[in-house]
Amino acid sequence: MSTGELLSIEPQELQFAFELRKQISCSLNLSNRTDNYVAFKVKTTNPKKYCVRPNTGVVLPRSTVNISVTMQAQKEAPPDMQCKDKFLLQSVVASPGATIKDVTPEMFNKESGHQVEECKLRVVYAPPRPPSPVREGSEEDSSPRASVSDNGSLNAADLSYVSRAHVERHEPQEGSSDVRSVISKLTEEKNSAIQQNNKLQQELGLLRREAKRNQGGIPFVYVFLVGLIGIILGYLLKRT
């Protein structure tokens, strides 16, 4: 933190996580620890490359203002990731109750006798932030995936691993032998029940056929007996 008589500036360096073809932003905090209204102005050695919002303004007594500095997308990286750009923050005591409309370039002219406080800030390129790590799922919820090489083919080691994992997944577990024995026993009981049912059906059919024959024989015996009785009576009548 740079502490002047008027404003405290944090940080003292403008750090950008440099990435090609991407806008990058960072921020500055200006803290006014005095009882005065303080006007400020931000300048840079490369104004076409950066956008500063706000680049001028007023910091009220005992308050803080945040400044956003955006670097335009760059087509190429500088040698050794070193940047020579500089920023200059100027501050001066403003009249009580001053607003941004009251800030003029003349206020920051030292030749006019104004007491201008200046703070130089350099630009630093930091490496891009690494992507947030992907949380790996448990082995039960995730399946192995093979990586793909640049030419679109599966790596041999990954393919072997996937095949082995696929076979292991479909192999029976240790307790499956008990399950097979139970299934085999139930199948035998089912076949035995079917055989007994077929046997009962056959016996029932025989009983039905015998019952039909018996029902057909009763009238024949009756007719035979009646005929026999008739013959005996006729013979007796003839004798009498």
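Cβ from N, Cα, C; glycine included.
TrEMBL entries are annotated by machine, without manual review.
Feature annotation from TrEMBL assigns coiled coil to 183-210. According to TrEMBL, the compositional bias 'Polar residues' annotation covers 144-153. If you look up TrEMBL, you'll see 6-126 marked as domain 'MSP'. Per TrEMBL, region 'Disordered' is recorded for 126-153. Taken from TrEMBL, the feature transmembrane segment applies to 217-237.
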Q: Work out, from DSSP, the number of helix, strand and coil residues along the domain 'MSP' (6-126).
A: 13 helix, 62 strand, 46 coil
(Q) Restricting to the domain 'MSP' (6-126), what is the model's mean pLDDT? (A) 95
